[in-house]
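Encoded as C-alpha cells, the structure appears first; notes follow it.
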Amino acid sequence: MAAAAAPGALGALSAGRVRLVAACCARLGSAAWARGTAPRRGYSSEVKTEDELRVRHLEEENRGIVVLGINRAYGKNSLSKNLLKMLSKAVDALKSDKKVRTIIIRSEVPGIFCAGADLKERAKMHSSEVGPFVSKIRAVINDIANLPVPTIAAIDGLALGGGLELALACDIRVAASSAKMGLVETKLAIIPGGGGTQRLPRAIGMALAKELIFSARVLDGQEAKAVGLISHVLEQNQEGDAAYRKALDLAREFLPQGPVAMRVAKLAINQGMEVDLVTGLAIEEACYAQTISTKDRLEGLLAFKEKRPPRYKGE
C-alpha cells in the first residue's frame, strides 16, 4: 500500500486543482465565448455525416438546443466502430461551438436507447483489437462527460451496458417508465468498461452500484427513478418519445439563463464533486470570479432593475 500523502502535498494538489479550474473558467469567459461562433443554420437542420447518427441544431424558440439522434436500428443502436467515430466527430465539433447551449442524446429507433457495444462486431475482432476498442468507447463517453454545456440523456427504451454508460456521462437522465436500464457485463464474464464502475457509484452510491453490477440487474424506469439513477420518469406516449419530450422541456428551461454562467456552473459542480469541501469552495470562488467581469452579469442586473427579461449574449 502506498504511503499516505503528507498534508502539505495534499494542499499543493488542492491548490493545483483550483488553479487549473480557474484557468478553465478563464477560457470560458467572454473572450473565449465570443470566438468560434458557428454559422446560422435553418430550422431543425441536419448535419449529414451518416444516417447512424443524426445531429440536429434546433431553431426558433429552441435555438441553442442540439439533438444527437442515434439511428442504428439493425444493430439496436449498439456502439460499433463507425458509430463511435461519428459520435467522436460530432462531440468534437459541438464542444467548440459557442452557439450550443444544451445537448440532448436520444434514440430515433423505437424501443431502444442503446444496447451497448456491438457484440457481433466484437466477436469478429482479434483479441488484440478488443482492448483498443473498449478504450475508444471509454474515450468517447469521457468526451461526452466533458462537454462544457448541459447534456441530457432521453431514455425511451433499452439502455444496457455501454448504452447506460453513455447515459451516465450526461448531466441529467430522464426515462420512460417502460425503459430498461442496467450494467449487465458480468453476465458476459467482463466488467463495465465505459466508465460504469466509476459513474454508477457516483450517481446512486457505492453499495447499490455494486449490487446492480454484481447481479447484472436490469431496472425499469420507475425502479431507476427510485434509486436516483434518473431524474424524471414518464409514462410512455403513443409516439414512443416521452423521455425526449421531457428532455426538450428541460432544455428549454435552460435557454434563458446566462450562457457563460451555465458553462462555469457545470465546471464548478463537476470539479468540486471530486475534492473535499474546502477545495470545492475554493473552486467555486475561482469560477464565480470569472462571471463578474462579463457583460451578461451587468445585463442581468439591468434587466432586474428594469423589470424585463434579460437579453444575454454570452459575453
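Glycine is treated like the rest: Cβ placed from N, Cα and C.
Under the heading transit peptide, Swiss-Prot lists 1-43, citing similarity to another entry as support.
Cβ neighbour count for K76 (N6-acetyllysine): 19 (other Cβ atoms within 10 Å of its Cβ, all protein chains included). Per Swiss-Prot, the feature N6-acetyllysine maps to K76 (among others); the stated evidence is similarity to another entry.
Swiss-Prot lists K76 (among others) with the feature N6-succinyllysine.
Annotation comment: Swiss-Prot describes 81-95 as region 'RNA-binding', evidence class similarity to another entry. Below 8 angstroms of C-beta separation, residues 47, 49-50, 52-53, 55, 66, 68, 70, 72, 103, 118, 121, 133, 136-137, 139-140, 143-144, 146-148 of the same chain, each at least six residues beyond the ends of the region 'RNA-binding' (81-95), sit close to that stretch.
The DSSP secondary structure for K89 (N6-succinyllysine) is helix. As annotated by Swiss-Prot, N6-succinyllysine applies to K89 (among others), with the evidence given as similarity to another entry.
According to Swiss-Prot, the feature N6-succinyllysine maps to K120 (among others), an assignment based on similarity to another entry. For K120 (N6-succinyllysine), the same-chain residues that are 6 or more apart in sequence and have a Cβ closer than 8 Å to its Cβ are G75, S78.
The annotation N6-acetyllysine is assigned in Swiss-Prot to K120 (among others) on the grounds of similarity to another entry.
Positions annotated as N6-succinyllysine by Swiss-Prot: K124 (among others). When secondary structure is read from DSSP and collapsed to three states, K124 (N6-succinyllysine) falls in the coil class. Using a 10 Å Cβ-Cβ cutoff, K124 (N6-succinyllysine) registers 8 neighbours.
Positions annotated as N6-succinyllysine by Swiss-Prot, on the basis of similarity to another entry: K136 (among others). Counting Cβ atoms from all protein chains shown, K136 (N6-succinyllysine) has 16 others lying within 10 Å of its own Cβ.
Secondary structure from DSSP puts K180 (N6-acetyllysine) in a beta strand. The N6-acetyllysine annotation in Swiss-Prot covers K180 (among others), and the record cites similarity to another entry as its basis.
Spatially close to K180 (N6-acetyllysine) yet at least six residues away along the chain are G157, L158, A159, L160, V218, L219, D220, judged by Cβ distances under 8 angstroms. Residues or ranges marked as N6-succinyllysine in Swiss-Prot (evidence: similarity to another entry): K180 (among others).
Taking all protein chains in view, 12 other C-beta atoms sit within 10 angstroms of the C-beta of K187 (N6-acetyllysine). Residues or ranges marked as N6-acetyllysine in Swiss-Prot (evidence: similarity to another entry): K187 (among others).
For the recorded site, K187 (N6-acetyllysine), the DSSP three-state label reads helix. As annotated by Swiss-Prot, N6-succinyllysine applies to K187 (among others).
On its own chain, K305 (N6-succinyllysine) has no residue at least 6 apart in sequence with a Cβ closer than 8 Å to its own Cβ. Residues or ranges marked as N6-succinyllysine by Swiss-Prot: K305 (among others).
Taking the Cβ of K89 (N6-succinyllysine) as centre and 10 Å as the limit, one finds 16 other Cβ atoms among all the protein chains shown.
Confidence in the region 'RNA-binding' (81-95), given as mean pLDDT, stands at 94. If you measure from the Cα atom of K89 (N6-succinyllysine) to that of K187 (N6-acetyllysine), you get 32 Å. The two recorded residues K136 (N6-succinyllysine) and K124 (N6-succinyllysine) have their Cα atoms spaced 17 Å from each other.
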